[in-house]
Amino acid sequence: MAYKIGILGATGAVGQELIRLLHERNFPISELRLLASARSAGKTQTYQDKSWTIQEATPDSFDGLDACIFSAGASQSKAFAEEAAKRGCIVIDNSSAFRMDEGVPLVVPEINPDAAFEHKGIIANPNCSTIITLMGLYPLHQAFGLKSVIASTYQAVSGSGTGGIVELEQQTRAWAEGGEMKKEVYPHQIAFNLLPHVDVFFDDGYTKEEMKMLNEGRKIMSLPELKVTCTCVRVPVFRAHCISVSAEFERPVSIEAAREAVAGFEGSELVDDPANAKYPMPLDYSEVVNCGVGRIRKDQVFENGLALWVTGDQVWKGAALNAIQIAELLHDKGKLKG
Ligand SMILES: NC(=O)c1ccc[n+]([C@@H]2O[C@H](COP(=O)([O-])OP(=O)(O)OC[C@H]3O[C@@H](n4cnc5c(N)ncnc54)[C@H](OP(=O)(O)O)[C@@H]3O)[C@@H](O)[C@H]2O)c1
């Protein structure tokens, strides 16, 4: 069985990694339909030794597709997802457009795979920082019962798409050469700086990105009472997000049991040997399938608490890879043909 698969946003940071990972993971494809804006229409892309022409996305673009992975931002998802689903094309959406909608599963395959089969045409891929955090937290939840979370993120510029990568590169070069730094993607210089500001601010002082950790975490883990407070920070790192987490659990914790739980969890690996300066870092987790978890220690504030550090490639596990894993789940159960 081979599928007709579309990628909306094929020219973007996530789109390009989708094309690469579909190839590397040998996903069975008979037709690859690459969609983007009018700016990219007519450009070509090689996939499995064949040249595919990029097309401008229109409602008709989804006719005949078995599935399409959407990676062109929430407004494009809102414009096209329901139309695509009506035409029998299963949408796996990387944007925030439908994540909290009832009837739209929000899926991390290692955590809630069965939710994927309850879709009505659209499946949402969670927020990148949330996925990576949960790859460290979920095995601990299984071991001790999660109650509350305090988290700070360290988010790479590729999380803002190709524009973020270009901006950090340009500013770093300008700094070295004494040139002018351009600020187009971020409100302040990102090179040699940190911005405690990811996505828009709400009236209560939290950002939209920070609230995703709470709302999406609750939905994915089916923990409606979970408490989360989060500070999201953009850092001058090209790729792979990190999250510092303090978590409170229902039951008494032990470091040994925590390490065992993380080490045995598919998709995560334990890198926790501080005496030898071994802990997960963005450079080691760029273009890597698994997320790294380390610095596990007793939290000094919570009674049954653990502190930990999680790192993962947000373009892969936070977006492209997770979306493909969802498609693989459907394929494995014979549920991908439209
Ligand atoms: N980057 C990450 O780490 C990450 C992680 C999780 C989720 N996401 C989500 O994934 C989506 C894509 O992010 P990205 O980082 O890949 O962004 P990006 O690098 O800026 O790419 C955006 C893509 O959307 C396409 N696009 C823009 N306007 C369009 C239009 N009017 N019609 C059709 N296509 C259009 C662009 O095509 P053109 O080249 O033709 O303009 C490009 O392919 C976003 O929803 C983002 O929130 C990203």
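Backbone N, Cα and C atoms are what each Cβ position is placed from, and that goes for glycine too.
Going through Gln314, Gln325 against TrEMBL, the one listed in the NADP(+) site together with Thr11, Gly12, Ala13, Val14, Arg39, Ser40, Ser158, Gly159 turns out to be Gln314. When the alpha carbons of Gln314 (NADP(+) binding site) and Cys128 (active site, acyl-thioester intermediate) are compared, the span between them is 5 angstrom.
Highest Cβ count within 10 Å among the recorded positions Arg39, Arg234, His241: His241. Per DSSP, the domain 'Semialdehyde dehydrogenase NAD-binding' (4-119) is made up of 35 helix, 32 strand, 49 coil. Each of the binding-site residues Ala13, Arg99, Gln155, Ser158, Gln314 was assessed for Cβ neighbours inside 10 Å, and the highest tally belongs to Gln314. In three-state terms derived from DSSP, Gln314 (NADP(+) binding site) belongs to neither a helical nor a strand segment and is classed as coil.
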